[in-house]
Amino acid sequence: MEPGSDDFLPPPECPVFEPSWAEFRDPLGYIAKIRPIAEKSGICKIRPPADWQPPFAVEVDNFRFTPRIQRLNELEAQTRVKLNYLDQIAKFWEIQGSSLKIPNVERRILDLYSLSKIVVEEGGYEAICKDRRWARVAQRLNYPPGKNIGSLLRSHYERIVYPYEMYQSGANLVQCNTRPFDNEEKDKEYKPHSIPLRQSVQPSKFNSYGRRAKRLQPDPEPTEEDIEKNPELKKLQIYGAGPKMMGLGLMAKDKTLRKKDKEGPECPPTVVVKEELGGDVKVESTSPKTFLESKEELSHSPEPCTKMTMRLRRNHSNAQFIESYVCRMCSRGDEDDKLLLCDGCDDNYHIFCLLPPLPEIPKGVWRCPKCVMAECKRPPEAFGFEQATREYTLQSFGEMADSFKADYFNMPVHMVPTELVEKEFWRLVNSIEEDVTVEYGADIHSKEFGSGFPVSDSKRHLTPEEEEYATSGWNLNVMPVLEQSVLCHINADISGMKVPWLYVGMVFSAFCWHIEDHWSYSINYLHWGEPKTWYGVPSLAAEHLEEVMKKLTPELFDSQPDLLHQLVTLMNPNTLMSHGVPVVRTNQCAGEFVITFPRAYHSGFNQGYNFAEAVNFCTADWLPAGRQCIEHYRRLRRYCVFSHEELICKMAACPEKLDLNLAAAVHKEMFIMVQEERRLRKALLEKGITEAEREAFELLPDDERQCIKCKTTCFLSALACYDCPDGLVCLSHINDLCKCSSSRQYLRYRYTLDELPAMLHKLKVRAESFDTWANKVRVALEVEDGRKRSLEELRALESEARERRFPNSELLQQLKNCLSEAEACVSRALGLVSGQEAGPHRVAGLQMTLTELRAFLDQMNNLPCAMHQIGDVKGVLEQVEAYQAEAREALASLPSSPGLLQSLLERGRQLGVEVPEAQQLQRQVEQARWLDEVKRTLAPSARRGTLAVMRGLLVAGASVAPSPAVDKAQAELQELLTIAERWEEKAHLCLEARQKHPPATLEAIIREAENIPVHLPNIQALKEALAKARAWIADVDEIQNGDHYPCLDDLEGLVAVGRDLPVGLEELRQLELQVLTAHSWREKASKTFLKKNSCYTLLEVLCPCADAGSDSTKRSRWMEKELGLYKSDTELLGLSAQDLRDPGSVIVAFKEGEQKEKEGILQLRRTNSAKPSPLASSSTASSTTSICVCGQVLAGAGALQCDLCQDWFHGRCVSVPRLLSSPRPNPTSSPLLAWWEWDTKFLCPLCMRSRRPRLETILALLVALQRLPVRLPEGEALQCLTERAISWQGRARQALASEDVTALLGRLAELRQRLQAEPRPEEPPNYPAAPASDPLREGSGKDMPKVQGLLENGDSVTSPEKVAPEEGSGKRDLELLSSLLPQLTGPVLELPEATRAPLEELMMEGDLLEVTLDENHSIWQLLQAGQPPDLERIRTLLELEKAERHGSRARGRALERRRRRKVDRGGEGDDPAREELEPKRVRSSGPEAEEVQEEEELEEETGGEGPPAPIPTTGSPSTQENQNGLEPAEGTTSGPSAPFSTLTPRLHLPCPQQPPQQQL
């Protein structure tokens, strides 16, 4: 069976060791410890502790190397034998003029080597044919039976192998035509192996890696192209019988061949024997035939296609040539036309003298049988690795390696299993079909390129961490030169042995079976990268492995006996194991060590891109193996790396520097070496060589002191000759020096035979010094002579072991333990004596007991050393025993005096030793102290003790010595504690109970608990709570009986305090109800005034705006309203908390705030009026540019100016008035072109801070406030606001009732009536100048015209507060208004400056009020009519109205689609019908929608109560009787005079008396 044909079976794993940190600190010691186990496997793996991670010290950027080229199937021994065999056959057929083609049988290449070998084993070709055993041959080649494969193999053997085997056996065969054999499978051409040729040509580039065999591609044949082109070569063409031979050089250059080989495409695995002559007939050989048959076949041989002429004869004038011009067979020179000249040796043969004879002169190059045989039997050249031509960095090599592996396995490199790589590797090395080539950066000198470990040198500064690893024994630069290592005594830096080598690997790169130089140890560390797979064989099986490899591949070892020392040969571990060789394996991962032991064969390969470092080291146990290795090298005639004798002598010269174990091993080796040297020099004397001279061999180069016979490096002695000065031999080969006489030969020696024993003696003294010392120690420890040594003598022995570096033996450990124990005893004895001197101040817990003292004395007596402290310890023991007797006597005579017991106890403490009786004395003393403490605690005159003290006494009483007095005291304590805990629990329940008890109940509990003589915390807390409750009741009585109603803050504080008290208070419920009612009123007032998500508090809205003049303050407040930074009541009114309780102070502060607000708004109006209009300004911000509340600069159309502060805002950012609807409750129709009545008035959100409810709504809040027995700041502010509004209303009515204003209002009324009479609103009339005396016939309500007044067909539209306008009508209304804008003219009134100024001032003051008044709208209409219509504002309002209506329609359609989807899905969620019924105005977005929604919410919340009857105003039925609508009917009361007069007493001020025209 072909080795490796089956799947690879991994060998067992080698031992793996994981040392602890303590073991890891001594590398060679740990290796010696594990050697008995690991040596049995040959290799082992060591995993360092997890924290040991040396940094990678190689300079990556400067690291450049040239790798070796490895062809995998040339590494394996058996595969190389096959390849060499195929090369020989190929060479044979190539000489014959044909190229080898290997046939395919059963879809695999026929193994010609195995076929030839099996044929020989079965008895040869003739025997197999005779016995018809070709089927057995097929079976042994693992071919399936029953397919007539035997016959197929026979034909292949006959035509390919048999002619070569016959030539090898010496038969004379010439080229003959054989019958062609038509095979069903295509043969495959074989490319000759030619290892020497490959080593001399340029290597292929790495981008041409191929998985299939390049050797199986067509080999470029010797071409005739060069011959045809070169006329000189054309003249040298030789014609004659026989095939051409390669020796003439008529072929393409190697460079051309290599180029074709690289550039040629991959071909399927085929092998052929190709006819080189260019003919159609294949030149094949069959079994030998008779001469006549061969002659007959040759006569029918076709002529070759190559045109050739007869060979030119040589110059006949050459006599020597004429003499040699005879046939070598018959020695005749006649019939020269039948004479053939060999192209190889120039011998002549008659064509009829050859066997078989040739019918005619063959054309082309012809070789005689002798030359063919010589060429085929030429020995192969030694195999070795060739170097690549490309230089790599680590990065470029890694990229190449990873790319190769990923492409080969078709997966990422980290995902390829190690088992798969291992099987594929051994498959490739066993394959002759596939030729995979890899590169391996092996044996890179760390001295030149730098080590992977940190190195302590002057090249660069090391960090503390690097310094630690640079000195570590596991650093491969340090390990070979450790003190216990042999190699530290070699001065030279031996690369690979003392100086580490570096290895940069890629997948499949391998190191072959080998052992280390001089059979030394080796250690390999994998710095990083993918694993490295190792195989190892123990040293006991080393010779067996060599025998197996020689047996399986004798062809290799015949030509290279030291093949295994060349690191170029692999053999499948399964093959070795099948022949009984024990093999182990391991995968070395990054950060792990692999150690190989002496003469342990090992090999392996890399799983991928990695970086490793290796070095050799030798320990004392290696010395015998090193000596045996020299003898082995002598037999193989292999060069030594260093002289073993020199190493031994150098160590023997300085024995004191040697480790003791090493000295013993060196002594043993030195003794053997001296005995051998005596024997060899004696043999010289017997031969008669007496001349000698001293030679310092260590000063000579190694190549000048090598034995010319065995290549051993000489040191102790060598034999030289005066007449042959160029060579010398070791004393083992004295007969191989030269043929000169012995008298001319002389001995060259390093030491005399007298000097060697002296060196040996020094080694013996060093080795035996340990035995002498050990004997002294043994006598001292065992006191064999009856004399105890002093402590100083034992210390001297230990110091001697340390100074002479004795090994850490068991005896040394016993000595150290003895010294340690003795020193501890001395220290303890000194402490005992010093403790007595310290007396009671000695440290507690360090005293020894009496038993320990006696044991300590016995321990000191048993130690093998004398100590004078023993006497002191004996004295202490006597004192303690005397004290013990006295204490026993005192305890026996109880009851004794407590003072006597205490003094006796103090004396015992001074001894420094614990006596058992001392504990009894201590307990008696503690009992007396406890009884005294109980008496003091229970005494009537004593301070009441706490529960914790009583519990502590009970606990302490349980530990004192029992007695009747103790039992009685414990019973009294327990009874008192039980009663106290019961009352304490009752008080706790009163404090924690949800149902609070009245003060009377708590007083009763406290009175009863006062009789208990114990401090009770809960009772005390109950007392304090009761006192606080009484104080709280007093505060309530005081605040309720004051001059004014209590403030809400005071009530809230009392309620908070009362709720925290654990006492039931009747007044608390009443206060809580008052506070709740006040909060309810405040909430209702907030909903009435405050907008949704308002940034103002209710009090801020009701009070005058203190910062009305600061635009930036108002804006920042508006933009940062989410921060909730509201001012307190005192900040708003500028009053202290005490002043807020005085109503008079509140009113005065409110009045002052009104004045500040008015002054501030005037200043703000002047500032804002000075700003440029955004309708004409640019978008660039400046110090005078208006900025909207959104923070953006105002520019272009769409901006509105506030009628109060005169500042500008984006229409989309604020609430704007609506032209097509009126929010008034009683609207009246107005003509379409009465533009002055359109609702175009705009107040910004900074000026209009609240909802501005009507006065009747405020009066309802005041009526509810009147019923509250609580004062609120908001209530008083609301009263002040109401007074301010009524005051302004009176002044406004007075102004409207003047003659000038009444006339102007009359003209407006007349003009409105005239416009109502117009038939077509599309054709507005030209307005005449309004007469100055037209009276005002209608009321001055603010109500703007309804939408139906604007429609051409008079359709009515419901108010938008309830139902959204219809889509069509609203659109037509907007279009109508837009078309009427060009027709608006004005002003329609002429207002004199004397009339306009007061009205404008009244208008400004009215806009400052957070109350809605009809007079305000009347004044605004009058001022509007006195100026031209603001067409720009009207257009802006129309555009905003259109945009809002468009958004409402879109939201309505989206809502309908969402409702339908929910209906289709049947899903749950919000009721779509409810959403549909909601006003679209409410669901719209923007500030206007929010205000409408807030108004509707307020109406729903206040709908139950409702405001009182509206106050009659101008235009209402109650005032229509009066022309000016200002004076009430005689004897009637109008306005809020009566309600206000009832509210005023809450402020404790008289109701203001107003003139009749100012009252409502």
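In case you wondered, yes, glycine gets a Cβ from its N, Cα and C as well.
Swiss-Prot lists Tyr440, Ser522, Asn524, Lys532 with the feature 2-oxoglutarate binding site, giving similarity to another entry as the kind of evidence. Non-local contacts of Tyr440 (2-oxoglutarate binding site) by the CB criterion (under 8 A, 6+ apart in sequence, same chain) comprise Pro67, Arg68, Gln70, Tyr503, Val504, Gly505, Met506, Ser509, Ala510, Phe511, Asn606.
Summarising the annotation, Swiss-Prot assigns SUMO2 cross-link to Lys205 (among others).
As annotated by Swiss-Prot, SUMO2 cross-link applies to Lys229 (among others).
The SUMO2 cross-link annotation in Swiss-Prot covers Lys244 (among others).
Summarising the annotation, Swiss-Prot assigns SUMO2 cross-link to Lys274 (among others).
Sequence annotations record features per position, and here Swiss-Prot assigns SUMO2 cross-link to Lys295 (among others) based on a large-scale study or a structure entry.
Annotation comment: Swiss-Prot describes Lys1127 (among others) as SUMO2 cross-link, evidence class a large-scale study or a structure entry.
The domain 'JmjN' annotation in Swiss-Prot covers 14-55, and the record cites sequence analysis as its basis. A Cβ distance under 8 Å defines the sequence-distant neighbours of the domain 'JmjN' (14-55), meaning residues of its chain 6+ beyond its ends; these are 452-454, 465-466, 469, 472-475, 479, 482, 484-485, 521, 534, 536-541, 582, 584-586, 588, 591-597, 600-602, 617, 619, 621.
Positions annotated as phosphoserine by Swiss-Prot: Ser287 (among others).
Annotation comment: Swiss-Prot describes Ser301 (among others) as phosphoserine, evidence class a large-scale study or a structure entry.
Residues or ranges marked as phosphoserine by Swiss-Prot: Ser317 (among others).
Counting every protein chain shown, 8 other Cβ atoms lie within 10 Å of the Cβ of Ser893 (phosphoserine). The phosphoserine annotation in Swiss-Prot covers Ser893 (among others) and is backed by similarity to another entry.
Residues or ranges marked as phosphoserine in Swiss-Prot (evidence: a large-scale study or a structure entry): Ser897 (among others).
Here Swiss-Prot flags Ser1359 (among others) as phosphoserine.
Break the domain 'JmjN' (14-55) down by DSSP state and the numbers are 16 helix, 6 strand, 20 coil. Sequence-distant contacts of Ser522 (2-oxoglutarate binding site), defined by Cβ-Cβ distance under 8 angstroms and a gap of at least six in the same chain, are Glu516, Ile595, Thr596, Ala614, Val615, Asn616, Phe617. Cα spacing between Ser893 (phosphoserine) and Asn524 (2-oxoglutarate binding site): 83 Å, rounded to the nearest whole number. Other Cβ atoms within 10 Å of the Cβ of Lys532 (2-oxoglutarate binding site) number 25 in total over all chains. Remark: Asn524 (2-oxoglutarate binding site) has Lys532, Gln588, Phe593, Val594, Ile595, Thr596, Ala612, Glu613, Ala614 as non-local neighbours, by Cβ distance under 8 Å and separation of at least 6 in sequence.
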